[in-house]
Amino acid sequence: MNRNELFERLMKLEHHVEQLTTDMSELKDLTVELVEENVALQVENENLKRLMNKTEESVETHLDKDNYKHVKTPSPSKDNLAMLYREGFHICKGELFGKHRHGEDCLLCLNVLSD
C-alpha cells in the first residue's frame, strides 16, 4: 500500500467517524425529546386521572369506599424533579444532583424521570 492509498483510507475513515458522531448526536437529541415528551405526557395523564377521580367521587358518592377503585397518583416529588430538570439542573443520584447541566442533556436524569 503506498502513501496515497493510506492517506485516502485514513480520510475515508475520518469521514465515517464524523458521520457516526453526527448520527449519534442526532439520535441522542431525539431520545431526549422523546423521553421529555413521555414524562410530560405521564404527568398530564396522572393529573387528568386525578381530576377524573375527583369528578367521579362527587358524582358517585353512594359507592362504598371499600369497593371504590383508586388510581395511583404520581408523587409531588416526581413533579418537582421534572420541573428542576426542565430548569436545567441535574436530578440524577450522585454527586451531580443539583448542579446545573449547562444546556446539556443527562441520560441518568432522564432515567430518573422515566421510572
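Cβ atoms here come from the backbone N, Cα and C positions, even for glycine.
Long-range C-beta contacts of HIS90 (Zn(2+) binding site), restricted to its own chain and to partners at least six residues apart, with a cutoff below 8 Å, comprise LEU96, PHE97, GLY98, LYS99, HIS100, ARG101, CYS106, LEU108, CYS109. Among the features that Swiss-Prot reports, Zn(2+) binding site is placed at HIS90, CYS92, CYS106, CYS109, with the record citing sequence analysis.
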Worksheet item: From the centroid of the CB atoms of HIS90, CYS92, CYS106, CYS109, the recorded Zn(2+) site, which same-chain residues not already listed sit within 8 A by their CB, in sequence order?
Response: TYR85, ILE91, LEU96, PHE97, ARG101, LEU107, LEU108, LEU110, VAL112
Worksheet item: Which entry in the list of binding-site residues, CYS92, CYS109, has its Cβ near the fewest other Cβ atoms, using 10 Å as the limit?
Response: CYS92
Item to complete: Look up CYS109 (Zn(2+) binding site) in the DSSP assignment and reduce it to helix, strand or coil.
Response: helix
